Amino acid sequence: MDWFFWVIIAVIGVAIIIAGIIITVEGRRQRQLEAEAKPEIEPTDIEGPVVAPEAVVPTEPPAEPVVEPEPVVVEPTVETPEAPGSRWARLRRRLSTSNNALARALGDLLSADRIDEEVWEDFETTLITSDLGVGPTTELTEALRKELAIDGVADPARAKDVLRTELLKLVDPTLDRSLNLTPANDGDPAVVLVVGVNGTGKTTTVGKLARVLVAEGKSVVLGAADTFRAAAAEQLATWGERVGVETVRSDEGADPASVAFDAVDKGARDGVDVVIVDTAGRLHTKTGLMDELGKVKRVIEKKAPVSEVLLVLDATTGQNGMTQARIFAEVVDVTGIVLTKLDGSAKGGIVIQVQRELGVPVKLVGLGEGVDDLAPFDPEGFVHGILGE
Ligand SMILES: Nc1nc2c(ncn2[C@@H]2O[C@H](COP(=O)(O)OP(=O)(O)OP(=O)(O)O)[C@@H](O)[C@H]2O)c(=O)[nH]1
Ligand SMILES: [Mg+2]
């Protein structure tokens, strides 16, 4: 039995050794795992405080308060029209570049070696073709003949002085060219009726005039009494919208007199300063249409007196414009002329002729297609302009 005892002791001894080895190996593995779990901080050569890695870990930004977007209101932008004062200075240059027929006539006269009868005749012809009319041409020529060429040789500077003075006399700086915008009765608006043949620039003038008045601080209502075409009312309303002015309009084919009445009525109810009524272009030879125009004016006057009747003439139509002017004046008592397109191929002399024939002053001139290319007529500026000064 002795050997059996020693076998048992040996087995127990081997088991103790194996258990010892397992415990040692397991203990090492545990320490190694713990060491790997700790981050190693390497020394760096960056100056300044060492920032712990946790500090630079980007954090979630703080939640922003939820802001509801503002509803977008699309307001039509209202323009600020150019002040009337600065317009004439800006537009005068256009006269000197386009309407220099008179200046050219003078140039020809003065460049002649000797001023004989033939030279004077040429001078007169040029003046007549510059739409000055026969009467004013004769007056101007006589005045110059008296002053110049006493010995047949002209003095250019003196001649220009004489021409300037005589032209100014013909344009007549003494005429009252202000628009009559004083209402006849308290509480009524002033009413401006705009008339003329097709395409002379009536609607454009109404739009530009509204801008002049808005620039002067006046309140305005527009009346679209051109009911021939739907586009006419649209054209006028667009002008109005740009400066925040309301347009009274009706359907195509509506009675123009009743639209004009409604516009003046609205102007009176709203207490505005001025109502401007645009009318359809009509040939002065169409009696029915001319009668209709007379009716528009009469119907407006059931509500408020018409303060100004502006006849819009295209300055490039020359003599034909004169015939139109006479007939319109008979039907609606024209109180002022608007000469448009003086920037184009107009010859300037029409200003003098139309005033003479109708006894009505040119009050406004259109000098371009730009929205602010309308100015009160200034006689001195006009004469300087056409003499290219
Ligand atoms: N160069 C130039 N063009 C102008 C002037 N005034 C108006 N016009 C142009 O003339 C054209 C006719 O203008 P409108 O205002 O429509 O004429 P209207 O008299 O109302 O025409 P209807 O209503 O059809 O009779 C447009 O192309 C304008 O831009 C101006 O002073 N100079
Ligand atoms: Mg028109």
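Cβ from N, Cα, C; glycine included.
Look at TrEMBL and you will find 196-203, 278-282, 340-343 tagged as GTP binding site. As annotated by TrEMBL, domain 'SRP54-type proteins GTP-binding' applies to 361-374. The transmembrane segment annotation in TrEMBL covers 6-25.
Annotated features, which come from TrEMBL, shown on the structure.
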residue: GLY196; record: GTP binding site; CB count, 10 Å: 27
residue: GLY199; record: GTP binding site; CB count, 10 Å: 13
residue: LYS202; record: GTP binding site; CB count, 10 Å: 25
residue: THR279; record: GTP binding site; CB count, 10 Å: 30
residue: ARG282; record: GTP binding site; CB count, 10 Å: 21
residue: LEU342; record: GTP binding site; CB count, 10 Å: 30
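Residues 79, 81-82, 87, 91, 94-95, 172, 175-179, 201, 204-205, 207-209, 211-212, 242, 310, 315, 336-343, 351, 354-355, 382 of the same chain sit 6 or more residues outside the domain 'SRP54-type proteins GTP-binding' (361-374) yet have a Cβ under 8 Å from a Cβ within it. DSSP gives LYS202 (GTP binding site) a helix state. Candidate binding-site residues: GLY196, GLY199, LYS202, THR279, ARG282, LEU342. Those with a Cβ under 6 Å from ligand 2, in sequence order, are LYS202.
Per DSSP, the secondary structure of the domain 'SRP54-type proteins GTP-binding' (361-374) breaks down as 0 helix, 6 strand, 8 coil. Ligand 1 lies within reach of GLY199, LYS202 from the binding-site residues GLY199, LYS202, THR279, ARG282, judged by a C-beta closer than 6 angstroms to any of its atoms.
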